[in-house]
């Protein structure tokens, strides 16, 4: 006889088991949970959603904390309502823990156009289409236009790194590293790329040295690097508040006495100032001229180099692409896809000084996807501080995605709870392009 108040069960009867709640089969994709992990170190692109929580994440997959206060519904309207596959992986990295009911996307081998034999006509490969003819000399109308524009830019009227307008539809900001992510440069100079991929190290080093020479020649000859090397800035507009709007069409930079007015490097700081009013005015005019040159030739760097150097540049670009199996071409596919979206933007953060970084961007044909206002040099303040400036510029309502190969950008992304996409091989760039094509990013 059971005590009063106890539930009695007859022999053979057991308490019914509660049924678990099943997730809806057609959850639309959204990046806004921010608990998702991006990693290509093992070829896996996985979203941490209700369909795939059975798989654990290891330490190599960079699982970052979620953004507070932004729910899935905030960006749901930007994605289609069809179900999406939970795992995105290469054919050689299928996980045994992946549920059999989830669809998988297999990465195909690079098309024949991406092989080292692809570049047969360097001029056809790198010639700019729809580029304006090279301006040999500014026309009178151009001078008048620049002069009239300059009058409206009074001292202190410029807003460095202006935030997007309140009605901006910007959703995502992709923050890119440059060396060994978009371009192969340092590993060419050291021969490490050649050793890794079975290429000829002396050839690799020779190509790297030739490109390095071309970068610094462009920086010194056209971008005033000799004058500005000790006056490096994080951003092209960091000293623009000292710009008095002077017309540059008749200004002679060779005889203005800059930077002789400053004999000590400590007069040139990352934040500008410290050189006297006249010296600071000349400094900001130099940076304004650099900006004008970049904007004029970002789609036509061959016009800046001249015919002879243009041919050498095209040949060098072709040889590097052949040696690196079209690494830059793969990166440009992802960059161009992001650039084509009205709600996304590419930002470049590099440890190279600003002026040589601009020369690199021009020579590697990246000017079309990186407006000069979207290029930051982390040489003096570090990438984490650059990330903070970018967040201050675009606000916290957008989604930031960091793409790189190094520890510094990975740690900066983790501190600011940004998803991090590691690039360490060609397949990582291909996977990134696939994810962008399928609107997972």
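Cβ atoms are placed via backbone N, Cα and C, with glycine included.
Because TrEMBL annotations are produced automatically, they should be read as predictions rather than curated entries.
Noted in TrEMBL for the protein shown:
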ACT_SITE  177  active site, nucleophile
ACT_SITE  179  active site, proton donor
BINDING   177, 179, 405  Mg(2+) binding site
COMPBIAS  49-64  compositional bias 'Polar residues'
COMPBIAS  90-104  compositional bias 'Low complexity'
COMPBIAS  105-136  compositional bias 'Polar residues'
COMPBIAS  137-152  compositional bias 'Basic and acidic residues'
REGION    49-69  region 'Disordered'
REGION    90-169  region 'Disordered'
Most crowded position, judged by CB atoms within 10 A, among 177, 179 as active-site residues: 177
CB-centroid shell, 8 A cutoff, Mg(2+) site 177, 179, 405, site residues removed: 178, 180, 181, 182, 350, 404, 406, 409, 423
Residue 405 (Mg(2+) binding site) to residue 177 (active site, nucleophile) - Cα separation in whole Å: 7
Local Cβ density at residue 405 (Mg(2+) binding site) - other Cβ atoms counted within 10 Å: 17
